[in-house]
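Some features that Swiss-Prot has for this protein:
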DISULFID  Cys3-Cys18  disulfide bond
DISULFID  Cys10-Cys27  disulfide bond
Amino acid sequence: SDCTLRNHDCTDDRHSCCRSKMFKDVCKCFYPSQAKKELCTCQQDKHL
């Protein structure tokens with residue numbers, strides 16, 4: 001299955017972010033201003 005690219009929406013599938021040996025992207029959620037529901041995007045994991 002295709003993975004979700006960095007900065008793309010992963011709200012509906014939070015374990016879909018792309019990863020490789022060099023990096024691991026994680027789905028990070030936030031509430032945009034004025035939004036009633038959260039928005040999640042794949043971001044680079046800061047731990048590596």
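The backbone N, Cα and C atoms fix where each Cβ goes, glycine too.
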Cys3 (disulfide bond): tally of other CB atoms within 10 A of its CB: 16
Under 8 Å by Cβ from Cys10 (disulfide bond), counting only residues of that chain that are 6 or more apart: Thr4, Ser16, Cys17, Cys27, Cys40, Thr41, Cys42
Most Cβ neighbours inside 10 Å, all chains, among the disulfide-bonded residues Cys18, Cys27: Cys27
Assigned element (helix, strand, coil) containing Cys27 (disulfide bond), judged by DSSP: strand
In three-state DSSP terms, the structure that Cys3 (disulfide bond) belongs to: coil
